[in-house]
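Listed in Swiss-Prot:
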type	residues	note
BINDING	Thr15, Gly16, Gly17, Asn127, Arg163, Ser191, Ile244, Ala263, Leu264, Thr265, Val266, Ser267, Glu268, Gln288	UDP-N-acetyl-alpha-D-glucosamine binding site
Amino acid sequence: MSGQGKRLMVMAGGTGGHVFPGLAVAHHLMAQGWQVRWLGTADRMEADLVPKHGIEIDFIRISGLRGKGIKALIAAPLRIFNAWRQARAIMKAYKPDVVLGMGGYVSGPGGLAAWSLGIPVVLHEQNGIAGLTNKWLAKIATKVMQAFPGAFPNAEVVGNPVRTDVLALPLPQQRLAGREGPVRVLVVGGSQGARILNQTMPQVAAKLGDSVTIWHQSGKGSQQSVEQAYAEAGQPQHKVTEFIDDMAAAYAWADVVVCRSGALTVSEIAAAGLPALFVPFQHKDRQQYWNALPLEKAGAAKIIEQSQLSVDAVANTLAGWSREILLTMAERARAASIPDATERVANEVSRAARA
């Protein structure tokens, strides 16, 4: 499907969970001849990341309202109006055929600006429960899509766009068949790390002994303290790294993952075909719990809420998963994934531009 001469503006910012799926769709459409620009904020990750992908970015001034004081709330309408006016001027100059909202504060004024100019608005909700901005924008959007069922009652479930190197991994049957020895446990805390996992997993390693080998991604600034915790638990042999640059290689190595359940993490684990033990971040709307629930229902994962988390709970769960069970769970995870999510979102963008 050629997009020669078509123009897209992607609105996404703040976190990797919004930005990386947007980049996947952008690259897919650029390969079809689309021109793509980005709308973001200058003080968040998209400011550095998006230009590295060869995409020009425009900035508006906007920030979130949650947890702000009364003065900020009083000033909010004026701030939103100014951000809308900035976005509108940018879009009048660029003249996109369609805008794609992938979440983050920038999507609110950006989506309203597009709507006020008669530009189709396509939305994608990455999480199992809709964010405030997308709830508002859904009322004016041309098309609303969701990664997991339940965020919107009638929106099409299309999955989350994930990186091509993860999608290219061999299927679980090919990858895991014939593996022997200690079960390979990948612990992923995200770029900031997950303190609860950093504190719990060294004790889990002590309980499980030689039955597991662990690769623990600790997050920025935590590698030394986590290595020390493993050593103090009598388990210095396990590998601890601050970051993992090649997640596809880490997934290929692992037999099972212990991690938070951010939207992109859940989608990548399903696409990779891996069993998981999810410990959702305690957010008031339980966003990460709802992200993980479809894989638990599919028999591909187990959720332990943070309030129920203990060394015994994690150790007993991992000890109860034989290699046969892990392979079955891995196959169920892969079966629950939507590997063509990027194409599905891109196709809806193309349809909206032609409508």
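Count begins at 1; order follows the chain as displayed.
A Cβ is built for glycine as well, from the same backbone N, Cα and C atoms used for every other residue.
Locations of recorded Swiss-Prot features on the structure.
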| residue | record | Cβ within 10 Å |
| --- | --- | --- |
| Thr15 | UDP-N-acetyl-alpha-D-glucosamine binding site | 19 |
| Gly17 | UDP-N-acetyl-alpha-D-glucosamine binding site | 22 |
| Arg163 | UDP-N-acetyl-alpha-D-glucosamine binding site | 17 |
| Ile244 | UDP-N-acetyl-alpha-D-glucosamine binding site | 14 |
| Leu264 | UDP-N-acetyl-alpha-D-glucosamine binding site | 23 |
| Val266 | UDP-N-acetyl-alpha-D-glucosamine binding site | 32 |
| Glu268 | UDP-N-acetyl-alpha-D-glucosamine binding site | 24 |
